[in-house]
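Chemist: This is the structure I want to talk about, given as structure tokens.
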Amino acid sequence: MEDDEYTTSKMEEIKLEEGANDAQVKQETNTPMSITNGDHESSRSPTASQDGLKSRSESADTPSSNRPSKLSRKASQKLAASREPVLFDHLPDMTTESCKFFQRIPDCLYGSKHLGSTDNDALDCECRDEWHDGKNLACGEDSDCINRATKMECSAEGGNCAGGCQNQRFQRKQYANVSVIKTEKKGFGLRADSDLQPNDFVFEYIGEVINEPTFRRRMIQYDEEGIKHFYFMSLNKSEFVDATKKGNYGRFCNHSCNPNCYVDKWVVGDKLRMGIFTSRKIQSGEELVFNYNVDRYGADPQPCYCGEPNCVGFIGGKTQTERATKLPAATVEALGIDGGDGWDTSVAKKPRKKKPDEDDEEYVNSIRPRSLSEDDARKVMAALMQCKEKWIAVKLLDRIMQCDEERVIHCVMRMHAYQILKTTLNTFIDDHNVVLQVLDILDKFPRLTRNKVQDSKIEATIEGLTQSEHEDVASKSKHLLNEWSKLEVAYRIRRRKFDPNAPAANSFEERRGAGREEETVQSTSKTASPTPIDAPKGPRNSMPQRNNAFFQNGGRSRRPPFNASLPQGWFTAKDAAGNTYFYTKQGATTWQRPTQPATEPAAKAPSKAMKEQLAIQSIINQVTEKGTPKHTSVSTPKAAETPPKEVKEEKWRSLPVDKRMKIYENTLFPHIKHVLDKFHHKLPKEELKRFGKDIAKKLVASDFKNNRVEDPGAPLSDKQVKKIKQYVKDFLDRAVKKYGEHKRKADEDADTQMKDDQGPSAAGSGAGSVVDGSDGTALAKVDGTSMGEVDVTAVSDREGTGSLGSPDRKRKRDLDTSGSPYVTSTDGPNMKRLREDELEAPSPPPPPPPPPQSDMDEVVTAEQEALREQEEALMRENEEAQRLEDEASHTKGLEDVLDASNEISRLNKEARKPGSQKMPA
């Protein structure tokens, strides 16, 4: 830009039409700069700088030096599709450095309470909760969730999907794994640090939500401050998100003519929020870019450095804006005008050019939309819910009216049709044509039950229309209310809500209940996970354990890290929204991280009445045990059989834990021995015996620790036996393999030692002799087999276990176990869970319900207090800008009235002059 006058004139050319929903406004000042989202300078080439200063009349002819050769539309699409993605793995991570240019804030700051607000009530989806491994997988990407289809997040408080579902990405801040890089020409950009799937959530576009007067003032203010890059995004009509000084990493997403991301708006609670999503599968290392798709730079084009085959060579400019619409892609799809010829605003050459003096409404009216399909119905309802432009709402409603297919109409009704149409009525209540369109659609819907009408509360809105001055509106409103009054309410049995934190009565009930829960889950596009394995779960799964970081740790938490140790007596849990709270065994809960150990309540001394009751009970017990007469021979044999059976069933419950473990070990060992016998010719007998004992002890310890044993003497099921045998076989196969490798190595070491010694003693080394291995470890040779170090880690100390050789050799073997090359019972992924279970602390008690939400609001950190003060300052700025705007409008109105009055006075004076033939009216 050459001077401030050019900058001011260019700002005046910025269009603030509602159609520019996805506008991101950037303003360049004195120094010619590349169009980038970075907060730093990057020089243009000399040619680009000169060409960027061309006048408005020359702007249509973009310099060829900056512009690649033109390709046909089909050729450019083929090149873009076949081109391998460019990776930026070689660039350093500049995330920390990029934070120096702006203030990171966790959420948008609103200039007033009504900014960003929507008229939609919190709507409930029809999904059913799908609990797997403690996580609710309902409302996922592949589900048929109507909230997700209409771009609305489910409530954290829970509904049909039981809360905590997968359609809460904005609320949980489940951002993608990205980093900030510094490109050669475009400045800062965003790089994917892991593979991303289509429609993955990258970032919410966060900043200060301001009104239009504040937006205009800031454009001038930033220019005076010398700020090179502005970051404005149009959120709604006369509402903007300004991420210039405050925001998050989403502000660094650059422009591309062949984007891999798109910007979309979602309803989250009572606010409309903007997010960046992936449009295709993205490899790790790719830059994340989207198409700005709007005239933000006046009539003069700015060079585009995306480097794509279909690059038009510039961003903005007269040529591009004549041929492209500023409507977002989602609205274009909802209008049904992205048909066979395509709707590609990034390609300069189009089948049908937009006339220079033609606006978006005229352009859309000239294109015939395609017929409504089920997929289109979802897009139409999603766009209609957020629509504030009357002409767009009319086109969307007309698409619904023109549809006569019953299945499509049912799909429209399913997409919260009554609630969305109620919002449309309230938005355009003063326009009789729009109201009549909505009433005709409501009358067209099939009427089966009264449920949807009653739940949407649309009757109250229709009731007000019965008194309308417009006869058609009043009559149709009365007709609808009369028809709805004849419908009956269908009652449904509410589904039982599954509480993942509720403890089961016992481990067997927990497994069987989980299995039934999974069997009853019905999903149109998901496959239920297999039924959990019954006890004992020795081998469990061979796959390594991983935590689901995408769902739990996707966002950057403002709280301290919770993996640090808590004070004694405190435990953590998460509510349905994913917020972490803390609790004690006594049920005390708090949102604030505790710093002191939980105080144990002092044991209350028994009262006098309690002492007397205990004494009486003790006497009764003694009399019962000693004074009960034995059964005489008179008793019938049948009567004598029942009590011993009951005693037998209850006997094991009175035994100590070690006795129960021994009984359970005897139950497991026959199945373990069955596999051991098949390896008697592969491993020494004594070692096999020791392996069997240690494996049995390990399985017993694990099952008792995890409460998987109900009756230690009960026979095992076929499934349990199969799992145990498979685990023992896998373990012994690895033992045989390692045994053979070590035997071969020991033999080679022995031969080498014999050659070195050149003596008869070395040549005669055999059974029971000791040789030095290459690693300096003493190896016991038994019939040419080195088994001294074959050992397994037992759960507890063992005495009398079978071993080889003398006690000295046993002690040596115990000392060398850690360095033994042989497999142990803790080797391999199959035993990873068992080992982790032993090292874990005792399981915490089940968490109580979370504290009230009001308590969470009271926990205000210093950062939150600072953000609150900044938001209050932003509110004052918006109010001041609005006040000045209103005063300017009022002053202009007075000036117009004064000018009109002066003009009338002048005309009157002229009329009174001599010779005047006409008096002014």
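From the backbone N, Cα and C atoms, a Cβ is placed for every residue, glycine too.
Given the structure is predicted, the values throughout are model-derived calculations rather than measurements.
Look at Swiss-Prot and you will find 1-78, 346-365, 503-565, 624-647, 741-921 tagged as region 'Disordered'. Marked as compositional bias 'Polar residues' by Swiss-Prot: 24-37, 60-69, 521-530, 542-555, 624-636, 817-828. Summarising the annotation, Swiss-Prot assigns domain 'AWS' to 120-174 and lists sequence analysis as the type of evidence. The domain 'SET' annotation in Swiss-Prot covers 176-293 and rests on sequence analysis. Annotated S-adenosyl-L-methionine binding site per Swiss-Prot: TYR292, in sequence order. Here Swiss-Prot flags 300-316 as domain 'Post-SET'. Residues annotated as compositional bias 'Basic and acidic residues' in Swiss-Prot: 508-519, 741-758, 865-895. The annotation domain 'WW' is assigned in Swiss-Prot to 564-596 on the grounds of sequence analysis. Look at Swiss-Prot and you will find 761-776 tagged as compositional bias 'Low complexity'. Taken from Swiss-Prot, the feature compositional bias 'Pro residues' covers 842-853. Among the features that Swiss-Prot reports, coiled coil is placed at 858-894, with the record citing sequence analysis.
Tell me about the setting of these features in this model.
Modeler: When Cβ atoms from all protein chains are considered, those within 10 Å of TYR292 (S-adenosyl-L-methionine binding site) total 28, not counting its own.
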Chemist: Taking DSSP as the reference, which of helix, strand or coil describes TYR292 (S-adenosyl-L-methionine binding site)?
Modeler: coil
Chemist: Using DSSP, what's the helix, strand and coil tally for the domain 'AWS' (120-174)?
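Modeler: So the counts come to 8 helix, 5 strand, 42 coil.
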Chemist: Quick one: DSSP breakdown of the domain 'Post-SET' (300-316) into helix, strand and coil?
Modeler: 0 helix, 4 strand, 13 coil
